[in-house]
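Below you'll find the structure, written out as structure tokens, and then a few comments.
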Amino acid sequence: MNWRTIIYVILLVSLTVVKALPRSYRDTEEKTSIGQRFSQLQEKNFKAIAMIMFAQHVQGGTFGKAVKMAEDVTDLAKKCAAAARGNPDCLKPLDRIFLDTICQEENLPRFTDCCAKKDPERNYCFLSLKNSSRGFISPFERPNAEAACKNHSQHQHSLTGYFIYEVSRRHPFLYAPTILSVATRYDEMMKNCCGRAEDPTHNLEECFRRQAPKVVKPVKEDGLRQEHTCGILKKFGERTIKALKLAQISQKFPKADFVTVNKLVMDIANMHKDCCRGEMLDCMHDREEILHYVCTNQDILSSKIKKCCEKPLLQRSECIVNAENDDKPADLSPHVREFIEDKGICERFAQEEDTHLARFLYEYSRRHPEFSAQMLLRIGKGYEDLLKECCKTGAPDDCFSRGEEELKKHIYETESVMKTSCDIYKEKGDYYFQNELLMSFTKKMPQLTSAELIKFTKQMTAIGSKCCQLSQDKLLPCAEENLDLVLGEICRRHLTDPINPGVCHCCSSSYALRRPCMGKLEIDENYVPLSLTPGLFTFHEDLCTTEDEKLQHKKQEMLINLIKYKPQITQEQLTSVTAAFTAMREQCCKEENREACFVKEGPELIKRSEKMLSA
């Protein structure tokens, strides 16, 4: 079977065979050989996954090189499966064989230092070189529609294979089944759009434009969530990931007992450790095991995932994550008084600290699906601090009741922040709400570029559009959990290029407190404002464009520069400068020679604005 056929067939084959994959790093005593893995996966699955792994590890390599390395490893696997078990290479762990294959390739100088190391350091070195930042590899350009359809009709299988390679190397941490799922959608799009190419009423470009977002959606969403989770694991450790998953699973499966929920938490935490280390085969195996457990234990977990478990494997995980929370047990008491009122509470905390805290988080989370997971972690942290304070010798008798008051206060404050934000969004709409965010975040993080500030605040505005229309019991989980993704992206940006000490503190001190911490940041007092150079504010006839989106973008860039020039600007000053700018724009856009008007009036506006800002 040739490579092109193999790439095509993998898209049509369910990945249930992944059940057979053993764990490589945890099961050190009974590692499955490459020959056994080849037999378990079969050639088509083995080879496609190998190609994804090589494309993700050697991002700068050509498609031909990735194919060659995949074929070399597959040839070895085939020999080992047949009869060559005595060959020393057949006894090596599969991950080592993959890295050996890369290190034996010529013209890959970027990996020389990694190849000189011994395992597992060599593996960690390779993982550290993976780069998922945008621009590291040039964007995947969409070809002319007619040319793409002609290419698809002549080289259908290899075209899909090439698409897999391109997606893999641009998303080096993306889960392999997601890549294969995206490739399936890509193939369907090509068939749907190109299948009617001869129809004169069929608009090819419009077809691709309409269907392309559905193809790339899993790449963006799954990639962001995976990077986000790995960022939390790397920065805050396994304990934080376990607490986060405990809160989320307890909310989703409120009828499940603590032991069952805790088992899922441990399994999911282990899965994320494998996935974030880049151990793709182990990652796939872990996820398949978890899905199998969840779907075979629906009776004790949830009544809301039956349809998800009937879906193909590649769609099952996303469906379960997005499924509604199950109904709370009818006999579940509304409060968890025993965690405060029981006399033996301090002894229990002293004897089994983490287990006791986990039980509290489980019991509280399953009772409160209307809270975000991040808020539940803050409540859990508050309870831990309360126990440490109130279980001290000599603590006042009313210590625990004071803690309850603090909890009520925090819940009220969080709900008030979200309600106020939604009220502003509903009143002002997308553009003016984003401008409010731009003013706030430019003052907090003036070191970010205009493009970054506009991107992050646009994402936050989209959260308002998505969540503020929801009922009160769904608002907080939607808003804070989506906002957490944006803040995670800001914090990862800070890690690569530090922003300022305030952002550093919020990104480093506590995951649960990250959102409130960012909210409390004010003007960065250490920031040196921009100088008023001739190029800081420029006005041209393109300000007369009738395209709202372009005009709004230009105005937002000016707003950002204005705040970077005058961080202490008041609302009154901003209103005055904005009114003066609007008047100048309206005047010049009526003139016959618009550009000449802007050249003359622009400097005058800057002089008047300086006076307004110094008043």
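Using the three backbone atoms N, Cα and C, a Cβ is placed for every residue, glycine included.
Per TrEMBL, the features are as follows:
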- 1-20: signal peptide (SIGNAL)
- 23-216: domain 'Albumin' (DOMAIN)
- Cys80-Cys90: disulfide bond (DISULFID)
- Cys103-Cys115: disulfide bond (DISULFID)
- Cys149-Cys194: disulfide bond (DISULFID)
- Cys193-Cys207: disulfide bond (DISULFID)
- 217-409: domain 'Albumin' (DOMAIN)
- Cys275-Cys283: disulfide bond (DISULFID)
- Cys295-Cys309: disulfide bond (DISULFID)
- Cys308-Cys319: disulfide bond (DISULFID)
- Cys390-Cys399: disulfide bond (DISULFID)
- 410-607: domain 'Albumin' (DOMAIN)
- Cys422-Cys468: disulfide bond (DISULFID)
- Cys491-Cys507: disulfide bond (DISULFID)
- Cys506-Cys517: disulfide bond (DISULFID)
- Cys588-Cys597: disulfide bond (DISULFID)
Go through the disulfide-bonded residues Cys193, Cys507, Cys588 and tell me which ones have a CA within 10 A of the CA of Cys149 (disulfide bond).
Cys193
Out of Cys80, Cys90, Cys309, Cys319, Cys597, point to the one nearest Cys207 (disulfide bond) in space (Cα versus Cα); all of them are disulfide-bonded residues in the record.
Cys319
Whole-number Å only: compute the distance from the Cα of Cys103 (disulfide bond) to the Cα of Cys90 (disulfide bond).
17
By Cα-Cα distance, the member of disulfide-bonded residues Cys80, Cys283, Cys309, Cys507, Cys597 nearest Cys319 (disulfide bond):
Cys309
Where does the mean pLDDT land for the domain 'Albumin' (23-216)?
81
Sort the disulfide-bonded residues Cys115, Cys468, Cys507, Cys588, Cys597 by C-alpha distance from Cys295 (disulfide bond) and give me just the closest.
Cys468
Proximal residue to Cys308 (disulfide bond) among disulfide-bonded residues Cys80, Cys283, Cys506 (C-alpha distance):
Cys283
Within 10 Å of its Cβ, which one of these disulfide-bonded residues (Cys115, Cys295, Cys422, Cys506) has the largest number of other Cβ atoms?
Cys506
Length of the line joining the Cα atoms of Cys309 (disulfide bond) and Cys283 (disulfide bond), in Å:
20
